[in-house]
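**Student:** One structure coming up, written as structure tokens, with questions to follow.
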Amino acid sequence: MLSSKWITTVASIWIQCTCGGSYAFGVYSSVLKSSQSYDQATLDTVSVFKDIGANAGVLSGLLYSAVAVHRRRLRRRRDNHQASSVSYLLSFGGPALMCLFMFIAAHAQTFFNTANVVTAVQNFPDYGGTIVGIMKGFLGLSGAVLIQVYDALFEGNPSIFILMLALLPTFISLLLMCLVRIDERDTQGNKKQLNRFSTVALLVAAYLMIVIILENIFTFPLWARIATLILLLLLLASPLGIAANALKDESEISSQGLVSSERSPLLSDNGSLQSERWSSAAGDPKEHHAADEDTPMLQDEEDLNVVQAMRTGNFWLLFIAMACGMGSGLATINNISQIGESLGYTTVEINTLVSLWSIWNFLGRFGAGYVSDILLHRRGWARPLLMVITLATMTIGHVIIASGFAGNLYVGSVIVGVCYGSQWSLMPTITSELFGVGHMGTIFNTIAIASPVGSYLLSVRVIGYIYDKEASGKQNSCSGTHCFMLSFLIIGCVTLFGSLVASALFFRTKRFYKLVVLRRLNLSLQDDDR
């Protein structure tokens, strides 16, 4: 039972809920700036080190590949948790090594994330978008979850909050890391159970949003804060019941010798592709060979390593699109406190913005993964198309923030937060489909380096530089819409460029998705039927 993919999913969800401390930077960034007498550019530089640590997860990907992907199943089950074990060591060491405090503490997140996401994709290969959305979604919610723990137990003591960010992920990782395993057994009812996990994720997000809004309106006494935390923990415990039901269903199916009836809507009764154009294209070896020569025709044994992937144009198109999309999203959240201050928002309102960002981040991560799976299974639409749409929409969000009108920071942060979160579920899934799952952890973590690269350029060289030119006085502060207007108009242009780059990726891989990804997906479902 403990080696089941369902228990692994529950353990991964719980780990993901505690390892997103980097998303709470906006809560204490203003205190850091004032106490250390930083100007805006210096504060943005500090935040970039956090972003580099949280996103440059090449080491975690290499470790995962070395101890998991290329081992036999028995050794995989024993060794897969090593990436998590390194993460708790780094997480615990962060506060003690203050010279590298942001980088080291945030870098632990990549080991948690790699172990959970890559294992999840290998456990549910037919629904990669959905399971990545769930994993990345709970990571996006983790900032709000951690803030709820802090508000209930340690409110008013930021030093305790930072200590909690070190100790809590360490404890959870030590407790659960041995349960994060690859389960290669064929099982039935995957989609039904994943939908149940998705429902829990949505309930947690809705509950957190209601609590955050109520906390902004009313002052909760201690007993109310503790009560809301207990209810949150009960919601987070509910995936265990889903896993128990899934194991029970598997046991009944196994005892009755039933065959799975799961099938992609693109399949007809005899297992062939429904649309005439799909079957005719898939049956022509010449067209198979012609499908985007820069993208490999993957089989399980032909997964690309990171060096081979970097030799393809698709890798760099994905990298550039993520530098624009993820970089601009990080630049927004890292500066949201200062934007709020310049527009006259209160401290409570700013903290609410930071907490709600986790909700919008979650909705993007979960929604993009879930919707992209539906579009791929039912319509045959390549996932990069959704990336094009979300990056274009993100441009609108940045322009709304730039306008500086009353309430626009709330509206703009919702749009940017959802679209930013979308990239974090689309990018790993697209990576697994274009380059294979064998070295997925290394490749998607290499592409994720685009996030801090974009964040540095946009936060330090654009936002920080322009803000400091506009600032005045001993406090080096700026008030008014002019403080960030030009910066976010520039960032809007950057995300629009990212959308155009994603469009190029979509057209380059459109045929590949038709001829290879969908066929591989359908063949996998046929194997389940047999």
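A Cβ is built for glycine as well, from the same backbone N, Cα and C atoms used for every other residue.
TrEMBL entries are annotated by machine, without manual review.
When I checked TrEMBL for this same protein, it listed these features:
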DOMAIN    5-66  domain 'Nodulin-like'
TRANSMEM  48-67  transmembrane segment
TRANSMEM  88-108  transmembrane segment
DOMAIN    97-242  domain 'Nodulin-like'
TRANSMEM  160-182  transmembrane segment
TRANSMEM  194-214  transmembrane segment
TRANSMEM  226-247  transmembrane segment
COMPBIAS  262-278  compositional bias 'Polar residues'
REGION    262-295  region 'Disordered'
DOMAIN    303-515  domain 'NFD4 C-terminal'
TRANSMEM  315-336  transmembrane segment
TRANSMEM  384-403  transmembrane segment
TRANSMEM  409-430  transmembrane segment
TRANSMEM  442-464  transmembrane segment
TRANSMEM  484-507  transmembrane segment
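Could you place these features in context, so I can see how deep they sit and what lies close by?
**Tutor:** Per-residue pLDDT, averaged along the domain 'Nodulin-like' (5-66), amounts to 76 for this model.
Within the chain, the transmembrane segment (48-67) has long-range Cβ neighbours (under 8 A, six or more residues past its boundaries) at 22, 25, 79-80, 82-83, 86-87, 100, 102-107, 109-111, 113-115, 118, 306, 326, 330, 334, 438-446, 448-449, 451-452, 455-456, 459-460.
Counting only same-chain residues 6+ beyond the ends of the transmembrane segment (194-214), those with a CB under 8 A from a CB of the stretch are 9, 13, 124, 127, 130-131, 133-134, 137-138, 141, 144-145, 148, 220, 228, 231-232, 235-236, 238-239, 242, 245, 352, 355-356, 358-359, 362-363, 366, 370.
With a threshold of 8 Å between CB atoms, the same-chain residues lying at least 6 positions outside the transmembrane segment (226-247) that come near it are 1, 4, 6-7, 9-10, 13-14, 17, 145, 148-149, 151-153, 189, 193, 196-197, 200, 203-204, 207-208, 211, 220.
Same-chain neighbours of the transmembrane segment (442-464): 39-45, 47-48, 51-52, 54-58, 60-62, 64-65, 110, 114, 117, 304-306, 309-310, 315, 318-320, 322-328, 330-331, 334-335, 427-428, 431-432, 435, 484, 487, 490-491, 494, counting only residues six or more beyond its ends whose CB sits under 8 Å from a CB of the stretch.
Long-range Cβ contacts of the transmembrane segment (484-507) within its own chain (Cβ-Cβ under 8 Å, at least 6 residues beyond either end) map to 314, 317-318, 320-325, 327-328, 331-332, 335, 338-339, 342, 382, 384-385, 387-388, 391-392, 394-396, 398-399, 401-404, 454, 458, 462-463, 466-467.
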**Student:** Would you kindly list the residues that approach the transmembrane segment (409-430) from elsewhere in its chain, counting only those six or more residues past its ends and only Cβ-Cβ distances under 8 Å?
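**Tutor:** Cβ under 8 Å, 6 or more out: 117, 121, 128-129, 132-133, 136-137, 139-140, 318, 322, 325-326, 328-330, 332-333, 336, 339-340, 343, 345, 353, 356-357, 359-369, 372, 383-384, 386-387, 390-391, 393-394, 396-401, 440, 444, 447-448.
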**Student:** Report the DSSP secondary-structure composition of the domain 'Nodulin-like' (97-242) as helix, strand and coil residue counts.
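**Tutor:** Across the domain 'Nodulin-like' (97-242), DSSP assigns the residues as follows: 125 helix, 0 strand, 21 coil.
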